[in-house]
Amino acid sequence: MKTVAQIVAQNDWQNPVVFQRNRVGGHSPHHGYKTLEDALHNANAQKYLLNGEWDFCLFDAPEQVPESLLAATLSAEERAKWQSIVVPSNWQLKGYDKPIYCNVKYPFPVNPPIVPSENPTGCYRTTFSVTSAQLSQRNHIVFEGVNSAFHLWCNGEYVGYSQDSRLPAEFDISNLLVEGENRLAAMVIRWSDGSYLEDQDMWWLSGIFRDVSLITKPRQHIQDVFVTPTLDACYRDATVSVRTSIKAQLRCKVGIQLFDGDTTVTEQIVTGTNNKRVDEKGGWDDVVFQTLEVKEPKHWTAETPYLYRIVVSLIDDSGNVIDREAYNVGFRNVEMKNGQLLVNGKAVLIRGVNRHEHHQVKGHAINEDDMLEDIKLLKQNNFNAVRTAHYPNHPRWYELCDEYGLYVVDEANIETHGMFPMGRLSRDPLWAGAYMARFTQMVERDKNHPSIIIWSLGNECGHGPTHDAMYGWAKSFDPSRPVQYEGGGADTTATDIIAPMYARVDTDVEDDAVPKWAIKKWLSLPGENRPVILCEYAHAMGNSLGSFDEYWKAFKDYPRLQGGFIWDWVDQGLTKHTDSGDAFWAYGGDFGDTDNDRQFCINGLLFPDRTPHPHLFEAKYCQQHLSFSLTEETDKWQLSVKSDYLFRHTDNELLRWQVLENGKPIIEGECPIYVAPQQAQTVSIAPEINFKAGALYHLNIDVVLANDCAWAKAGHVIDTAQLALANKSGLIPFVSTANVANENAESGVTVKAENTTLLVSVKNNVFSFNSESGLLTSWLHEDSEMLSAPLEDNFFRAPLDNDIGVSEVDNPDPNAWESRWRRAGIGKWDRICTSVDVEQSTFDVRITSLFEYHYNDKLIAATKWVYTINHQAALTVEVEVLLDDSLPPMPRIGLQAAVPAPRSNEQERMRVTWQGLGPFENYPDRKAAARFGEHSLSIADLQTHYIFPTDNGLRSDCKQLNISGLRVNGQFCFSVSEYGQVQLDTAKHTSDLMPQDCVFVYIDHAHMGVGGDDSWSPSTHKAFLIEEKCYRYSVTFCAKV
């Protein structure tokens, strides 16, 4: 019996050569089905979950753990120190210790394999019962995930040790069990030398966070099954190769049966001990090799995830089944040919995303419902692939990917991003065993999943001979799949795929360590013929994904550019509460973790509760499988629907169309579509339209599900498009001016000066101008104030994450947009009105104000405002802007106003309608998915509450805006907010924001793009920068009648 003190003295958690003791080697998951029916339907596995309430006590270090951890009973004094904790869970989210978020840097001094002596250690105790029938069999305890290392005892006897937080730790405890109650005790150590291999841009959380189970198998049992289905060269017929490892002292047979549903397709029984394979070391009497021939099976792809079921049985001489395992089988080939990645002979386009296992409350302890929610959202938003960034996922995840249809890059739990150099441990032979175990154990566990089409050696740990060894082993063990690895430059000898990070479409990125060529350039490098699939791209941090459509244009134009994986799926925010009880999503530093990387974990397509960021709609649109083009004829339109599906027919889709006139629907229809893979169908649309002179016409297209499917309900929108229609009226709208003079005379436009105020009155409106400030300070319409603040120039936006880059509060990046803007004082310029002139004509009043802007005693900008108020009480503002040559590209060119905040009973005033792009937030470089129309939303819904507050809510290409009784006409972008830019700029969380007593309205002539190729360098493309020094624009305001 090994005491706690003896185990602690071994110091295994600081020895890179010791990453396990007594752990069972990797193998396919065990189920031990008793009946064929159970095997076919994955029911009643001989697997007993030990999840639930366990006893728990946290110590500051392993050395503090008492021997009473192993005691059968605890004294009252000892028992008082223990509480209960739910398993699985992360103890930091149950009130113990604190979460830490880091991206690159380690949360402890870097001195491998040494970790801090202050090393939180969680001790767990539980009991479980075993029957006499179980005692006669083989019993293994399996911990699916423990962070980061742990020692285990059963009934006071030492069991073993394990590292690798993301793979099963399985131990044979058959000889330690007794009939009736049995005791388990685990000592879980937060920091181990294994932590140096798990520096993965996520929260550092600890504990038993995945399932714990007892698996009971016969003494003579199936140990491992490797199923390899292979289609022939014509992708018609197939073979299924099955390698079965058995633990049997008696003469046994192995039977394999392939089922399609409950129907047997083919089967075979082989005598195990007479089917030896011989190599230089002799025969393999514990391994049986079998092959099944299958005629014209249905294929598995992400589009058509058809599954068969193979049942493997261990049979004794009497014909009795001793043990039985079963696995899903998908017939698909993965090949590398002519510089492309092929699935079943077709070059796939990876519509992928990187996904961390994360829950806003439970942290890393996710369950099947959480996984299923993600699977359905991925399918609903046109994703076909997932990279398990950056570790093997929960085993149920792969089963769901098999069932629902997602391609998977399965990634080993290895990242040493914070090491310098990054590849230091990858070149150290002391760490080679740990590297190899993490990779091989993953492959052994997951090898039978058809969804896994690529193995990944890990992430961001440089390149060394260990990677070459891992690559060589993978190609030998499983030649049916390619291997990818980005480390060392994305194109080393250890990868079959060029897998760069954040490479741009046309621009090379300077990098001191490794080159980051433009993806188009990578294709043309001498001697290079591998496909390019971005393992990470389009960094979705906050308000991001600008120019995402440029990637997809390139992917579709260049056959060897085969897509990529967006970073990343979900914001890794954790739910926290203010002192007053208000919930908000926390990021690095919010739990007292002083060494952190702030909000760099907030870079998902979804908020932590799985509601979408606006940029998810852009990704969905760019990745959709159908495209549309229109040919006009005399009395109808021919709509061509082209399919990019490689394998499936559109047999469950309805095409709904709608004609818009000036943004409003006037006629609509629908029809089913049946498009073959990579083919097109023409649909005739013959709407009766009475075209009006000067009107704008658009055709909206939605392709929706006709019936429910596994991942969405009927009516779910899959693909969208908007096509402009030519106005066939051929007429120019006629505007009569015959009665203008009389109307003006009757309206009585008057100008009156009162001290420093100029009052312009017309109809039921009074406009007040300050003759010193040059600003419109008040607008009364029927005695109601329209403005809460003057109209004025606006050049500032609350910086986005992409504007801030890698800047820290005390260490700003001088190249970041935010730093350039702050050096230029944008948002803090001193304004001086140099003149105000009034001109009254027969039809209107014109007030001209000239402004100068100074910063640090330097003239930095000048603007000219011409306010024109006509006889209809319409206010037209014409603005000229002149910027100093020293200024950087501007965040925006426009004006701002404020209107009274609506009261809760003023429902109509709480809604905003506009004619322009929408309905969701869109920016000049992220608007491909938005559609022109007349949209209406509440003021609250027009805002996007990013976890780290920034500018948000823009709507582009607008012609009209109606808000709070005010109408704006022109050509502009706009946003509406309950929070001013200063508040958005200074707030760190949504809980910091307090609605003000007005609603801010921002009208932009030009607004800089959001960027998003990455978030640490200026990534807004040149076409979406505001670089000119002179601008002129106009908008017209009027009271909405």
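Please read every residue number as a count from 1 along the shown chain.
A Cβ is built for glycine as well, from the same backbone N, Cα and C atoms used for every other residue.
For Asn103, Asp201, Glu460, Glu536, Tyr537, Ala538, His539, Asn603, Trp1016, the entry in Swiss-Prot reads substrate binding site. Summarising the environment of Tyr537 (substrate binding site), the number of other Cβ atoms within 10 Å of its Cβ, over all protein chains shown, is 26.
In the three-state DSSP assignment, the secondary structure recorded for Phe600 (Na(+) binding site) is helix. Summarising the annotation, Swiss-Prot assigns Na(+) binding site to Asp201, Phe600, Asn603 and lists sequence analysis as the type of evidence.
His356 (site 'Transition state stabilizer'): 22 other CB atoms within 10 A of its CB, across all protein chains. Positions annotated as site 'Transition state stabilizer' by Swiss-Prot: His356 (among others).
Feature annotation from Swiss-Prot assigns site 'Transition state stabilizer' to His390 (among others); the stated evidence is sequence analysis. Here His390 (site 'Transition state stabilizer') comes close to Gln200, Asp201, Glu411, Asn413, Ile414, Glu415, Gly458, Asn459, Glu460: these same-chain residues lie at least six apart in sequence, with C-beta atoms under 8 angstroms from its C-beta.
Taken from Swiss-Prot, the feature Mg(2+) 1 binding site covers Glu415, His417, Glu460. Under the three-state DSSP scheme, Glu460 (substrate binding site) falls in the coil class.
Around Glu460 (substrate binding site), a 10 Å sphere centred on its CB holds 23 further CB atoms from the protein chains shown. Among the features that Swiss-Prot reports, active site, proton donor is placed at Glu460, with the record citing sequence analysis.
If you look up Swiss-Prot, you'll see Glu536 marked as active site, nucleophile, on the strength of sequence analysis. According to its DSSP assignment, Glu536 (active site, nucleophile) is in a strand. On its own chain, Glu536 (active site, nucleophile) has Asn354, Ala389, Glu486, Met501, Tyr502, Gly564, Phe565, Ile566, Trp567, Asp568 as residues at least 6 apart in sequence with a Cβ closer than 8 Å to its own Cβ.
What Swiss-Prot lists as Mg(2+) 2 binding site is Asn596, and the listing cites sequence analysis. Long-range C-beta contacts of Asn596 (Mg(2+) 2 binding site), restricted to its own chain and to partners at least six residues apart, with a cutoff below 8 Å, comprise Ile100, Tyr101, Cys102, Pro107, Gly588, Gly589.
Classification of Glu415 (Mg(2+) 1 binding site) by DSSP places it within a strand.
Within the set of binding-site residues (Asn103, Asn603), the lowest number of other Cβ atoms found within 10 Å of a Cβ is recorded at Asn103.
The Cβ neighbour count for Asp201 (Na(+) binding site), using a 10 Å radius and every protein chain shown, is 23. Remark: of the binding-site residues His417, His539, the most isolated position is His417 (fewest other Cβ atoms within 10 Å of its Cβ). Within its own chain, Phe600 (Na(+) binding site) has Tyr101, Asn103, Asp201, Met541, Tyr587, Gly588, Ser1015 as residues 6 or more apart in sequence whose C-beta sits under 8 angstroms from its own. Other Cβ atoms within 10 Å of the Cβ of Glu415 (Mg(2+) 1 binding site), summed over all protein chains shown, number 25. Of all the recorded positions in the list His356, His417, Tyr537, His539, Trp1016, the shortest Cα-Cα distance to Asn603 (Na(+) binding site) is found for His539. Around Trp1016 (substrate binding site), taking its Cβ as the centre, 18 other Cβ atoms fall within 10 Å, counting all chains. Neighbours of the Mg(2+) 1 site: apart from Glu415, His417, Glu460, residues of the same chain with C-beta atoms within 8 angstroms of the site's C-beta centroid are Val104, Asp199, Gln200, Asp201, His390, Thr416, Gly418, Met422, Gly458, Asn459, Cys461, Gly487. A Cα-Cα distance of 17 Å separates His356 (site 'Transition state stabilizer') from His417 (Mg(2+) 1 binding site).
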